[in-house]
Amino acid sequence: MNHLLLYCRPGFEKECAAEVREQCEQQGIYGYCKLEENTGYALFVSHQPDGAALAVEQLRFHDLIFTRQWIVCLPMIEGVDTQDRVESLMPHVRGLPQCSELWVEPADTTEGREMQRFCNSFGSAFSQVLRKQGVLQRQATDRLHIFALSGSCFYIGYAPIKNSAPWPMGIMRLKFPQQAPSRSTLKLEEAWHWFIPEHQWHQYISSGKRAVDLGAAPGGWTWQLVNQNMFVTAIDNGPMADSLMETGQVKHLTEDAFAFHPQKPFDWMVCDIVDKPTRVIKLMTQWLQEGWCRETVFNLKLPMKQRYPEVKSCLAYLQTTLNEAGIDYRLAAKHLYHDREEITVHVRLLGYHG
Ligand SMILES: C[S@@+](CC[C@H](N)C(=O)[O-])C[C@H]1O[C@@H](n2cnc3c(N)ncnc32)[C@H](O)[C@@H]1O
C-alpha cells in the first residue's frame, strides 16, 4: 500500500507532511504529499506500491514531531452507500492485514467533532460484524482505522499497534486538575506521559527531587512538580498562585530567567517562557552543557511561518553543541495535543551524576 494518512493539529498539515516526507526520503522511500490547510490531516503518497507499509516498518512513530497518528491506507473511498456502509466497506477491509480492533475517527476540526457520534455508533456496529465474521482477531498486531470525512467518504487502513499512537485520533485526553492554577498544567503532564514510560516514573518523576521552573507564573507547571512532591524554585516576575506558595514546597524568585545561574544542580528544569525559539534553545543548551539540570521539558513557541525549518535549526543547535562537548543525552520533541503554536522538547542527560 502506498498511501500514508497522517493526523495532525489543524493548521500544521504542512509541517506534518514535510517531516514525514523527509524522514521517508532518508529511508529511500520517495513520494509526494497531498494536503489542505486546516483539515487536520495530510497524505503521503509513495511512488513505490508498498511505500506506506515500508514507512511504518522503518520509521519510529515516536520520532515524529508533528504527526499525531499514521495509517497505512487505501486511496480515498467516496460515494459509499449510506444505507449499507458495512456491506460497502467490507471488501476493502478484507483486503487489509488482520487487525485486532477497529477505530472509526473523525478529523480534529469543528466539522469532524460533529461527526464523533456517527463515528462511535458506526464503529461499534461495524466492529461487531467484523468480530463475528472473524475479520478482527484480538491477538493481531495491527489496528484497523476508518477515518471518516463524511458519512459517505472514508480512508480505510491499518496502523501497527506497537508503532503508532495508542489513543483514538492520536489524542491523549487528560482531565484538568481543578487545583492547578492554569490550563498550561496539562502540557507538562502530557509531556511526561509522552516522553517517559509509566514504569520509569518512580525513577525520574519522584518525590524529593529538586526542580526549577523558568517562566513559572501563575504556576500550572509548578503545580505538576509539587504534585509529584518535588521542591520547586519558580522563576518569574509575575505572581505565583497563593495555593502553591502555601505548600511550603515552592521558592519564588522574581528574576530574569535568562540571567539566573543556579548554585547547585537541579534534577529537573522546565521552561514555558514565551520568547524567540533561538533565544530559548540557547538558554536550554547552556543549562544542559553546564550540567545545571539532569533533565528538562521545555516549549519552543512557533508563531512564525517557517515552523518546521525553525524547529530543525533549534534542535540542531542543541544537538551540535552537546555533541561537540562530548555530552551523552537523549532528546525527543513532540507537538503535543495541549500545545498550540509550540512544540515540547524533552532532554535527559545520560550518565549524569550531578
Ligand atoms: C506561558 S507563561 C507560563 C505559564 C506557566 N507554565 C503555567 O503553567 O502557569 C510564560 C511566563 O514566562 C514569564 N517570563 C517571560 N520572560 C521571562 C524571563 N525572561 N524570565 C522569567 N520569566 C519570564 C512570563 O512572566 C510568564 O508568566
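Cβ coordinates are placed from backbone N, Cα and C, and glycine is handled just like the others.
Unlike curated entries, TrEMBL annotations are predicted automatically.
Here TrEMBL flags 1-71 as domain 'RlmM ferredoxin-like'.
Annotation comment: TrEMBL describes 84-159 as domain 'Ribosomal RNA large subunit methyltransferase M THUMP-like'.
Look at the domain 'Ribosomal RNA methyltransferase FtsJ' (182-274): DSSP puts its residues at 30 helix, 20 strand, 43 coil. Residues annotated as domain 'Ribosomal RNA methyltransferase FtsJ' in TrEMBL: 182-274.
The S-adenosyl-L-methionine binding site annotation in TrEMBL covers Ser184, Ala217, Pro218, Gly219, Gly220, Asp236, Asp256, Asp272. In sequence order, Ser184, Lys187, Leu188, Asp213, Leu214, Gly215, Ala216, Trp221, Phe298, Asn299 are the residues near Asp272 (S-adenosyl-L-methionine binding site), counting only same-chain partners six or more apart with C-beta under 8 A.
A sphere of 10 angstroms centred on the C-beta of Lys301 (active site, proton acceptor) encloses 18 other C-beta atoms. As annotated by TrEMBL, active site, proton acceptor applies to Lys301.
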Among Asp236, Asp256, which are binding-site residues, the residue with the most C-beta atoms within 10 angstroms of its C-beta: Asp236
Structural state census, the domain 'Ribosomal RNA large subunit methyltransferase M THUMP-like' (84-159) (DSSP three-state): 32 helix, 24 strand, 20 coil
Intrachain C-beta neighbours of Pro218 (S-adenosyl-L-methionine binding site), sequence separation six or more, cut-off 8 angstroms: Pro181, Ser182, Gly238, Pro239, Met240, Ala241
Alpha-carbon distance [Ala217 (S-adenosyl-L-methionine binding site); Lys301 (active site, proton acceptor)] in Å: 17
